[in-house]
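Accompanying notes for the structure given below.
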Amino acid sequence: MTSIPLGPPQPPSLAPQPPHLHGGDSLKRRPDIDNDKEMSAAVIEGNDAVTGHIISTTIGGKNGEPKQTISYMAERVVGTGSFGIVFQAKCLETGESVAIKKVLQDRRYKNRELQLMRLMDHPNVVSLKHCFFSTTTRDELFLNLVMEYVPETLYRVLKHYTSSNQRMPIFYVKLYTYQIFRGLAYIHTAPGVCHRDVKPQNLLVDPLTHQCKLCDFGSAKVLVKGEANISYICSRYYRAPELIFGATEYTSSIDIWSAGCVLAELLLGQPLFPGENSVDQLVEIIKVLGTPTREEIRCMNPNYTDFRFPQIKAHPWHKVFHKRMPPEAIDLASRLLQYSPSLRCTALEACAHPFFNELREPNARLPNGRPLPPLFNFKQELSGASPELINRLIPEHVRRQMNGGFPFQAGP
């Protein structure tokens, strides 16, 4: 499968980001970019064009490290949006391909996406290599995030199957969704980040190894209990019902709902809840889950308990999917797509679900016979997990290979 360029060859015109971007979520005030060590990066002047442009920047120079000049040739635009532009580039010194996300930077504020990406290091989260600032002839300041390049998105992989009237093989559904939940388990527990925009377009896939990675942390935030957040977040088809109800004190379980929608979409070949607007989105959800009870509405947003909704019975999950659907897939979807946020399983519990048991088999391989991408090299996400859950997550053959020496051992 080849990579397809998205969007026009030139960057869209960008308006400066207002301080309230991504919400009643306040951005941190930054008095001076140049004096902020955490944000320090070279500022390159006159960086208007994208495709064909060569960008040189300096990295290193901290803690006695030698300074090093790196040059990138911008090759093609791979994504555009209100945030800015993402382009593929090649490092002229090493030949390595990278993705560079270029966003307009308000000089008064820190960039939250950069701050969060610096915290993260996981096989199922796209990695930040370094960053630099650039200016244009109009004296606009841009932040450039240099990330590993992953050629495909889950959206395009699924489209590859649906355009030829095929279903994605169930093995790949398992492999991709397991890695999505593993990435979510990491960001939810280690840095404590909620992604807030999980969807197939924000899930990268390497077509050779089938490794899957979360990307685009432009909407992400560390959620603090008792602190209000904006509810108008997350792309519509994947938006949790509490967000549609206008909740502002939600939890990272909104990502679990979104991931449940992605799972259902891979199984069905199309979105499960294709609402045309927020109200229609809720109607689509009610058509499957039925009318929420007063208690479920209270769990989503206490201010809505007096609203009257048409009484619709839940559609049985086994009728939502085709007859030959594995019962474990249906069971997992039903545990993820619950009205009450606290009743949705956690990302780590989802990883341990029997739907993924095939991936834990000693002889599990890709259909072409190649080894699976890394699935069991867990990091801090296992801290606080019960021994029973860890035993279900890490297969016995993996424990034997490591002589039980993984960081969070499950006990005897």
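Cβ coordinates come from backbone N, Cα and C, glycine included.
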Check Swiss-Prot: it lists V78, G79, T80, G81, S82, F83, G84, I85, V86 as binding ATP. Then name which of K62, K101 it lists for that same site.
K101
Do you know offhand how many angstrom separate D197 (active site, proton acceptor) and V78 (ATP binding site) by C-alpha?
18
Of all the modified residues given, S127, S342, T346, which residue's CB has the most CB neighbours within 10 A?
T346
Take the C-alpha atoms of T137 (phosphothreonine) and S342 (phosphoserine) and report the distance between them in angstrom, rounded.
51
DSSP on V78 (ATP binding site), three-state: which is it?
strand
